[in-house]
Amino acid sequence: MTTKLGQANPANYQQQLDDKEKATKEQFSDFWQGDIEVHPSPPSHYRMRAEFKMWQQGAEAFYAMYQPGEYKKPVTLEWEFSVGAEKIVELMPKLLEIVNASELLRKRLFQVEFLTTTTGESVTTLIYHKPLTEEWQAEANALASSLNTHIIGRSKKQKIVLTQDYVEETLTISGTPFTYKQIESGFTQPNAAVCQKMLQWAVDATANLGGDLVELYCGNGNFTLPLSKNFDKVLATEVSKTSVKAAEYNIEKNGCKNITIARMSSEEFTEALNGVREFRRLKDIELDSYNFSTVFVDPPRAGLDEDTEALISRFDNIIYISCNPDTLANNLANLCKTHKVERFALFDQFPYTDHRECGVILTKK
């Protein structure tokens with residue numbers, strides 16, 4: 001939907017968004033006939049993270065991307081990556097110039113990853129097909145100073161963090177700033193402007209529900225923190241150790257006193273809630289003490305499995321954030337046997353692509 005890979009096309013932005021809204025209305029007409037709440041993205045400079053292959057020809061390296069499904073045909077970037085955040089656009093040519101001037105930094109470099117924030121903080125990861133030496137580290141330190149970015153070097157069984165491997169992002173929801181540690185290897189929402197709109201939408205939608213909240217797939221606490229203001233207690237589950245550590249840091253950093261994190265999968269949580277088995281990870285958590293009114297899910301692209309569908313259908317209120325409309329439609333076919341859709345939103349996380357991020361509020365019939 002773009003003329004070139006990685007290039008924004010603001011003149012066509014509204015048309016592509018209208019097309020997504022139309023496709024969403026048609027796909028979900030069996031479940032929702034009302035208006036879809038459409039949340040647009042900035043038309044350019046919206047991606048806070050990006051990764052590039054490094055294509056090498058002779059003594060020169062280039063940034064390269066791939067068309068979907070054509071992963072053996074790299075396209076070298078000879079134009080500005082205008083979907084990228086301003087900080088990424090600023091870093092890319094400066095980094096390339098320094099790398100190409102240094103055989104030590106350039107040789108066997110095969111991938112570069114950028115992670116940035118709305119305040120201009122950044123981590124830049126250089127990934128190599130070679131062991132990283134003290135000499136490399138010395139040049140990488142100079143690179144970090146020159147670019148004012150945190151540098152990480154990665155190779156097989158090697159990770160060298162020169163200063164830190166994370167950034168701290170601040171998003172403001174209902175007038176309250178929330179600060180998030182975003183770790184270089186962890187999942188974060190790539191479009192900060194749209195992420196903030198998603199958080200605000202979820203907070204507004206749950207403003208009067210009360211009771212306790214259970215959240216599955218909580219990640220680094222992205223939704224957990226602002227949603228905690230609307231509930232008495234929050235129990236959030238996450239399987240990734242890295243994400244759990246980040247979530248615990250973010251909870252403490254933001255002074256949220258009513259959130260408990262449990263490192264377990266949705267399947268394990270179902271077993272615990274049903275009393276099928278006991279988990280040492282829950283030894284300090286009294287599940288019977290919770291009065292769950294609402295469940296929040298933001299699953300991976302595969303959507304919810306049957307057991308998790310059955311689990312969340314117990315709750316009076318369901319907030320479902322989906323990155324895959326097809327699996328959302330499949331899940332709604334079952335969830336709408338017990339619940340009805342009250343609100344439906346479309347978030348344009350990835351302009352100029354076919355990707356559609358959706359949010360649905362369901363209440364028990």
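Cβ coordinates come from backbone N, Cα and C, glycine included.
According to its DSSP assignment, TYR217 (S-adenosyl-L-methionine binding site) is coil. The S-adenosyl-L-methionine binding site annotation in Swiss-Prot covers GLN189, TYR217, ASN222, GLU238, ASP298 and is backed by sequence analysis.
In the three-state DSSP assignment, the secondary structure recorded for CYS323 (active site, nucleophile) is coil. Marked as active site, nucleophile by Swiss-Prot: CYS323.
In the three-state DSSP classification, GLU357 (active site, proton acceptor) falls within a strand. Neighbour list (GLU357 (active site, proton acceptor), Cβ cut-off 8 Å, at least 6 residues apart, same chain): VAL194, MET198, ILE321, SER322, CYS323, LEU346, PHE347, ASP348, GLN349, PHE350. Under the heading active site, proton acceptor, Swiss-Prot lists GLU357.
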I need the least crowded one of these binding-site residues (GLU238, ASP298), counting other C-beta atoms within 10 angstroms of each C-beta.
ASP298
Local Cβ density at GLN189 (S-adenosyl-L-methionine binding site) - other Cβ atoms counted within 10 Å:
25
Name the residue among the recorded positions TYR217, ASN222, CYS323 whose Cβ has the smallest number of other Cβ atoms within 10 Å.
CYS323
